[in-house]
Amino acid sequence: MCQFHTDEYIDFLSRVTPDNLDMFQKESVKFNVGDDCPVFDGLYEYCGISGGGSMEGAARLNRGKCDIAVNYAGGLHHAKKSEASGFCYLNDIVLGIIELLRYHPRVLYIDIDVHHGDGVEEAFYTTDRVMTCSFHKYGEFFPGTGELRDIGVGKGKNYAVNVPLRDGIDDGTYKSVFEPVISKIMEWYQPSAIVLQCGGDSLSGDRLGCFNLSMKGHANCVNFCKSLGVPLMILGGGGYTMRNVARTWAFETGLLNNEILDLDLPYNDYYEYYGPDYKLDVRPSNMYNANSPEYLDKIMTQIFSNLESTKFAPSVQINDVPRDAEDLGDEDEDLPDAIDTKGGSQFARDNIITPKTEFY
């Protein structure tokens with residue numbers, strides 16, 4: 001966890017409970033814990049499950065043990081280095097991407113949550129090793145970031161892509177901007193791994209969202225990223241009409257396994273949650289789509305111009321990355337350092353591709 005977050009913040013998360021919260025009032029204010037990020041029993045364990053899932057998924061992609069890794073408990077894109085935010089305590093996405101960077105020179109992060117992926121963008125805002133691309137509602141809407149002109153700084157200039165959208169975007173309109181933008185990024189940036197945050201609050205009818213995507217429209221983004229043919233990590237995210245999130249992630253899991261699931265739900269213990277139609281489907285409403293073709297064309301024109309200003313497929317000096325500890329077997333004795341149970345040998349952890357100049 002401390003590969004990204006500060007030791008002090010993680011120590012706080014590991015110690016605070018609802019029973020002793022009064023003893024941590026100063027720290028709670030400092031770390032923004034409270035209000036929309038309350039303390040609850042099992043908070044630290046929850047963070048470990050979420051973060052560990054994304055890190056393990058990334059490690060399995062690195063080792064070639066899978067082509068697609070899925071962690072729907074992850075996707076907590078608002079958490080900062082030493083601050084909770086927007087229901088997010090630990091930024092599992094950043095931790096997973098850091099693990100991917102051990103083997104991959106360039107990683108593309110895509111976010112289809114209705115909220116801007118501010119925590120991930122901030123973490124990689126000054127590097128060209130990670131390109132972040134967020135499709136989100138922009139305006140008087142949490143977290144209030146993600147303008148079109150927010151493109152990164154320093155070495156990371158033009159490696160942050162923001163697609164600020166308006167209320168009511170539907171399947172066809174979303175596809176008309178999502179696929180061209182991602183295709184252009186793939187052509188120009190050529191990432192060797194993709195992380196896709198699949199926040200379900202961009203679905204129609206979400207309690208906190210304002211988009212109008214159907215289940216199939218949302219799933220089209222997942223299927224499109226799968227078709228790109230590079231190692232892919234699928235993460236969860238927001239979603240506040242739970243039955244619709246469950247429907248959509250189930251359908252998308254089927255797509256990832258090349259299966260089209262039957263839309264008639266089988267009877268189970270939770271069957272009554274999905275009435276009155278009992279279908280594996282989320283339909284759009286008749287809400288007004290405020291995203292005009294002219295508005296979206298203007299956005300894409302600016303994004304494409306920014307991409308053409310970047311260095312084509314930036315490279316990084318890659319050192320040899322030793323095999324992970326679990327694959328070393330009896331050869332461990334030949335290594336100069338003993339095995340560290342927290343993350344392989346010290347030798348392995350020292351020989352990673354992350355340059356010393358990386359800030360995180």
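Each residue's number is its place along the chain shown, starting with 1.
Placement of Cβ uses the backbone N, Cα and C atoms for every residue, glycine included.
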Which of Asp19, Asp22, Asp201, Asp206 belongs with Asp113, His115 in the divalent metal cation site listed by TrEMBL: Asp201
Lowest local Cβ density among Asp113, Asp201, which the record lists as binding-site residues, within 10 Å: Asp201
C-beta crowding around Asp36 (substrate binding site), within 10 angstroms: 13
Binding-site residues clustered about His78 (active site, proton acceptor) [Cα within 10 Å; pool: Asp36, Gly86, Asp113, His115, Asp201]: Gly86, His115
Listed binding-site residues Asp113, His115, Asp201, filtered to Cα within 10 Å of Tyr240 (substrate binding site): Asp201
By Cα-Cα distance, the member of binding-site residues Asp113, His115, Asp201 nearest Gly86 (substrate binding site): His115
Fewest other Cβ within 10 angstroms of its own Cβ, chosen from the recorded positions His78, Gly86, His115, Tyr240: Tyr240
